[in-house]
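S.K.: Before I ask anything, here is the structure I am working with.
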Amino acid sequence: SAWQCAQANEMTLIYYFSHHTANACLFPVCALHHVAVTTVEGIGNTKSRLHPAQERIAKSHGSQCGFCTPGIVMSMYTLLRNKPEPKMEDIEDAFQGNTRSSAEMQHAMMSSSLFNSSEFQPLDPTQEPIFPPELMSNKQQKQLCFRGERVMWIQPTTLKELVALKSQYPNAKLVVGNTEVGIEMRLKNMLYPVIIAPAWISEMNAVQHTETGITFGAACTLSSVEEVLRKVVAELPPYKAEVFQAVLEQLRWFAGPQIRNVAALGGNIMTASPISDLNPVLMASGIIHLPLISPCSTEGKRTITMDEKFFTGYRKTIVKPEEILLSVEIPYSKKGEYFSAFKQASRREDDIAIVTCGMRVLFQDGTNRVEEIKLSYGGMAPTTVLALKTCKELTGRDWNEKLLQDACRLLAGEMDLSPSAPGGMVDFRRTLTLSFFFKFYLTVLQKLSKNHNALFAFHPVQDELSSLEDGEWRISWEVPRGQAVEDMVGRPLMHVSAAKQACGEAVYCDDIPHYENELYLTLVTSTKAHAKILSVDASEAQSVPGFVCFVSAKDVPGSNITGIANDETVFAEDVVTCVGHIIGAVLADTQEHSRRAAKVVKIKYEELKPIVTIQEAIEKQSFLKSIKRINKGDVKKGFEESDHILEGEMYLGGQEHFYLETHCTLAVPKGEDGEMELFVSTQNLMKTQFTANALGVPSNRIVVRVKRMGGGFGGKETRNTILTTVVAVAAFKTGRPVRCMLDRDEDMLISGGRHPFLGRYKVGFMKNGKVKSLEVSYYGNGGNSVDLSYGVTLLHLDNSYNIPNVSSVGIVCKTNLPSNTAFRGFGGPQGMMIAECWMSDLARKCGLPPEEVRKLNLYHEGDLTHFNQKLEGFTLRRCWDECLSSSSYHARKKLIEEFNKQNRWKKRGMCIIPTKFGISFTVPFLNQAGALVHVYTDGSVLLTHGGTEMGQGLHTKMIQVASRSLGIPTSNIYISETSTNTVPNTSPTAASVSADINGMAIHNACQTILKRLEPIKQSNPKGSWEDWIKAAYENCVSLSATGIPDLGYDFEKNEGKPFCYFSYGVACSEVEIDCLTGDHKNIRTDIVMDVGTSLNPAIDIGQIEGAFVQGLGLFTMEELRYSPEGNLYTRGPGMYKIPAFGDIPTEFYVSLLRDCPNSKAVYSSKAVGEPPLFLSASVFYAIKDAIYSARKDSGLTEPFRLDSPATPERIRNACVDIFTKMCPSAEPGTFKPWSVRV
């Protein structure tokens, strides 16, 4: 799959007079000869005219951080050029390969009353770029050769030239799409000195229809194969198209269109990936002939068969180095022949397989007796394998229940895996081999049209979840009655940068033009989790062209100590405490040179034993020193009075921020007095300014500037400083500008994420479900430093429930992982998730409906929380009742019960979950902000405040606040950037409070201006704003103002007021699970959210949807995987899966609670960034509800443990049945696992 989606990373390639999307980060420039390339800048701009695709995504509120908006635009643009009137499935398919931050997915595909479609400009055909006439000629192309420093790229035009080149360079790589070689060279440090590109050779692009099947040239792209097969399948009798249908089914889930448009069929085979989607299909389909050509005169041409001997080892085949694969024939199927293909991945769309297979059976004429059977699997060995023993045993047998039982028994033995197998998930993978065969068995049985009973009464199973209607999104909001038309507060104003973002004009940190003499920096990081550094040798790096110097601890002019708690170093000196610990950095003239030089820096270590997991930290008592406790009431007495006591534990995995723009810094030394300007992608300018400590200068010499970020989510609150300080030290040392933007793998490795948590609980409750007493312990994996690990988990342990007696402790484990940090929700989701875990089990224990038990325990207005804060303006019960009603909860629950009775292998579940989220920094002094308002003589206003823009629409809201405060149109107000030389000592843009505190500061500043203008307005009451400003010219206003709420909390005394107010919400979600594979489908979600009186309902609803989908990733999909030695495996989107478009609930309804003004924030609004994230727990517990139903059919009714995230692996393993029992787990401690739960 694509390695990384970056801003404007997607482009449209125009060749053969059609348009194709492609990823710029993978597509070699050399391969673009004779191809017209259109990027987002080429189809429209803000200076002349936006293209309708750009205009619509902007005005429909589909662009937030905007970093991925160009890619979305180009996907839609390409689709519209090829299909001017696309269907919904075309649109969904076009977006399949787009990675984007969760907050932005929804509006890209939805239409609603948040925008006026009559304002859209019609498509102007004259605006479209024409196909370049010079590319229309059919002139014979000449062989091309491009030579770089280390690589030569040759593009032959004839087969004869290709054969000659292969003779000259037998080990040269043949590259069409570069989707494999590009990643190998970039990430696996592999070098291929000669690359031959056969993409333009006619014989290798030919498609021939023969009597036995269709032959595709080896250079045919997967998209072209798909197109041909679709047409053929529509015309052929179904019995002839069984194999074609299976290939199409696999291609449907094969990466995204950007990859399929360039990846070649031959490349897919020759890459020999053990988890290839297509190779098991081709191997199982019968006799696949592969014609090869060789430059050796003795060999010439030969044809080999893709059978069990074809793959000789990991990524190896029987094809000789000098041979060239010419074509692939995909055969027609025969009468009495049936074929199915299956694939299971962590995410349904655009993901690599965990297990994949092709299955074919041929029956003796007119019978159900097996004449021939082939079962081929990927993901079960270092190569694609055939289950030869099983197939041999099944040949000649009747297709019946006995065959099924024997096949599963045989496959369980033949498709065995070592418990230490690379890739892990061993039980899941083994079970899938049986589940897939069962699906195949049922499918064939159905096609044979005979009524056989399976192991259980069953409903016919397709390989995917039941089909659902086209998606629906609905929102609900309104502007207060009587509000003046010119008053923009509360109106769905478009994000102020949306249009610029949609056409690639928005400037992010790395878009800043290069300075003269600028250097590029690449980090050198530890490969060991815990070790002494014996030596660092950078001598080999010096021989790399463009190398300038190596920077390490000895080059720090000030203090090498850094971190929130002063427990980190800028550069590791003697000891490294995690994989990814920064040891040094290489400076060179270009990014490529600095990367090359960094890779050859040699470090010798003496390894020390690392502590990686929470469990290891508990055993070794490796804790950060401050242990937090909150106690209330008499817990012992509460347990004594309880009817039941329930004990248990739950583990929650961490989460990668996956902001689309990775950490980036550009440091520009000014040449005198230690002055330096830092352009940084950061949420925290004040902490970034502390770079001054490392440089040995006061903070007034350092100016930090932020225009916008391509996402943050808390990951840029403190962790950007580890990169920024290194870059600043390098710039200080060299006296030259230095730039560094981390690659995705580097960013994921070094910058930390959401804390993994282990929660242990003991809860006492009455027979009616009323909670009496709770004892709970939380263990968070903090990593190798304190950072922001003392979060707010304990303050959210109650979620929304009144618990009379509480004893709680929060412990941060010190481990040898990169320091974990703030992430949207900041410990709250983990605390609330544990609460919902015991609440869910408690309801089961009582035999009562979960929704009744939850409502029984909800707080009431005026109640005191467990931290003794009084709940005022408590709207949660209103949200609850509205959500129950709008979701038709009770009626749908009956339908779900009926569905589950009728279906054995598919189950549905539903759950309604509340949330109460406290708003404030829990460190009181951070609840301050600043604003600077300049009014110029033409009446225009330049507004600066302490908050940063990362897509959440803060600048847009602040302009709306200033507009109402000053009584002028929003068009008169502009925000350029956030910087330390305009507003000092800014609090981080975090904790959801930025609109509250900066909005109040802006309001106060504007009031000061208005007060100064008052005499002028009184003397000329009919004048305009511009008149008053001109008159006031001699008293030109420039000021700063701050607002500080009354907050503070003492953990020791359990008194004070940690939160200014609370945001409330309720979500109801329905899911469907496939009990055989662990897949799940999000059918419907209804959300009712209290956001006070919304400043901008479009932005607020976008934040609600985005937070929900990001939480969906946290609780059902995103899984960080570490080796037992502390090495992170999941360093990019290849292995780490964030939600895709298809993961959005098919029906998604969001309502803002009406008539609930909040007196404690600017213009009665409420914070909205973090509170909705936990509502996605409704999906997790809906999945758990569905699993209960599946387990009940297997005779299991007791509560069971389901850890987060609820991945396909965990769902499948929890749905205990005959197949899972045939694949028993290895005894823990008898083997070394491939990955561990940290």
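Every residue number used here counts from 1 along the chain in the order it is shown.
Each residue, glycine too, has its Cβ placed from N, Cα and C.
Automatic prediction, not curation, is the source of TrEMBL annotations.
According to TrEMBL, the record shows the following:
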- Glu1170: active site, proton acceptor (ACT_SITE)
- Cys25: [2Fe-2S] cluster 1 binding site (BINDING)
- Cys65, Cys68: [2Fe-2S] cluster 2 binding site (BINDING)
- Leu174, Val175, Val176, Gly177, Asn178, Thr179, Glu180, Val181, Phe254, Asp277, Leu325, Lys343: FAD binding site (BINDING)
- Gln683, Phe713, Arg824, Ala991: Mo-molybdopterin binding site (BINDING)
- Glu717, Phe826, Thr922: substrate binding site (BINDING)
S.K.: Long-range same-chain neighbours of Arg824 (Mo-molybdopterin binding site), Cβ under 8 Å, sequence gap at least 6?
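M.R.: For Arg824 (Mo-molybdopterin binding site), the qualifying residues are Phe713, Gly714, Ala1107, Gln1110, Gly1169, Glu1170, Leu1173.
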S.K.: List only the single closest residue to Thr922 (substrate binding site), chosen from the binding-site residues Cys65, Leu174, Glu180, Leu325 by CA-CA distance.
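M.R.: Smallest Cα separation from Thr922 (substrate binding site) among Cys65, Leu174, Glu180, Leu325: Cys65.
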S.K.: Looking only at Leu174, Val175, Val176, Gly177, Asn178, Thr179, Glu180, Val181, Phe254, Asp277, Leu325, Lys343, the residues listed as binding FAD, what is the longest Cα to Cα distance in Å?
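M.R.: So the binding residues stretch over 28 Å, Cα to Cα.
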S.K.: Restricting to the binding-site residues Cys65, Cys68, Phe254, Leu325, which ones have a CA within 10 Å of the CA of Ala991 (Mo-molybdopterin binding site)?
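M.R.: For Ala991 (Mo-molybdopterin binding site), the binding-site residues whose Cα atoms are within 10 Å come to none.
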S.K.: Which of the binding-site residues Cys25, Cys65, Cys68, Gln683 has its Cα nearest to the Cα of Leu174 (FAD binding site)?
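M.R.: Answer for the nearest of the binding-site residues: Cys25.
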S.K.: Sequence gap of 6 or more, C-beta under 8 Å: which same-chain residues meet both conditions with respect to Leu325 (FAD binding site)?
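M.R.: When sequence neighbours closer than 6 are ignored, Leu325 (FAD binding site) has Ala218, Gly266, Ile269, Met270, Leu290, Pro291, Leu292, Val319 within Cβ distance under 8 Å.
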S.K.: Check each residue in the chain of Glu180 (FAD binding site) that is at least six apart in sequence and keep those whose C-beta is under 8 Å from its C-beta; list them in sequence order.
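M.R.: When sequence neighbours closer than 6 are ignored, Glu180 (FAD binding site) has Gly267, Thr271, Ser273 within Cβ distance under 8 Å.
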S.K.: Taking only same-chain residues 6+ apart in sequence, whose CB is under 8 Å from that of Glu717 (substrate binding site), what do you get?
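M.R.: Long-range Cβ contacts: Gln683, Asn684, Lys687, Leu788, Thr821, Ala822, Pro988, Thr989, Ala990.
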S.K.: Can you tell me how far the Cα of Val176 (FAD binding site) sits from the Cα of Cys65 ([2Fe-2S] cluster 2 binding site), in Å?
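M.R.: So the alpha carbons of Val176 (FAD binding site) and Cys65 ([2Fe-2S] cluster 2 binding site) sit roughly 33 Å from each other.
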S.K.: Determine which residues of the same chain, besides Gln683, Phe713, Arg824, Ala991, have their CB within 8 A of the center of the CB atoms at the recorded Mo-molybdopterin site, and list them by sequence.
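M.R.: Neighbours within 8 Å of the Cβ centroid, excluding Gln683, Phe713, Arg824, Ala991: Gly712, Gly714, Gly715, Glu717, Ala822, Phe823, Phe826, Thr989, Ala990, Ser992, Gly1169, Glu1170.
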S.K.: On a count of neighbouring CB atoms within 10 A, which of the binding-site residues Phe254, Phe713, Phe826 is highest?
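M.R.: Comparing the binding-site residues Phe254, Phe713, Phe826, the most crowded Cβ belongs to Phe713.
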S.K.: Hey, which of the binding-site residues Cys25, Cys68, Leu174 is the loneliest by Cβ count within 10 Å?
M.R.: Cys25
S.K.: Rounded to a whole angstrom, what is the C-alpha distance between Phe826 (substrate binding site) and Phe254 (FAD binding site)?
M.R.: 35
S.K.: Most Cβ neighbours within 10 Å: which of the binding-site residues Asn178, Gln683, Thr922 is it?
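M.R.: That would be Gln683, with the highest Cβ count within 10 Å.
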S.K.: Spatially, which candidate from the binding-site residues Cys25, Cys65, Cys68 is nearest to Asn178 (FAD binding site), comparing Cα atoms?
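M.R.: Of the binding-site residues Cys25, Cys65, Cys68, Cys25 has its Cα closest to that of Asn178 (FAD binding site).
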S.K.: Given the substrate site residues Glu717, Phe826, Thr922, which other residues of that chain have a Cβ within 8 Å of the mean position of their Cβ atoms, reported in sequence order?
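M.R.: Sorted by sequence, the hits are Gly714, Leu788, Gly791, Val792, Ala822, Gly827, Phe921, Ala990, Ala991.
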S.K.: Let's check the environment of Ala991 (Mo-molybdopterin binding site): how many other CB atoms sit within 10 Å of its CB?
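M.R.: Other Cβ atoms within 10 Å of Ala991 (Mo-molybdopterin binding site): 25.
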S.K.: Among the binding-site residues listed here, Cys65, Val176, which has the most company in the form of other Cβ atoms within 10 Å of its Cβ?
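M.R.: Going through Cys65, Val176 one by one, the largest Cβ count within 10 Å is at Cys65.
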S.K.: Quick one: Cα separation, Cys68 ([2Fe-2S] cluster 2 binding site) versus Phe254 (FAD binding site), in Å?
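M.R.: It is 21 Å, counting Cα to Cα.
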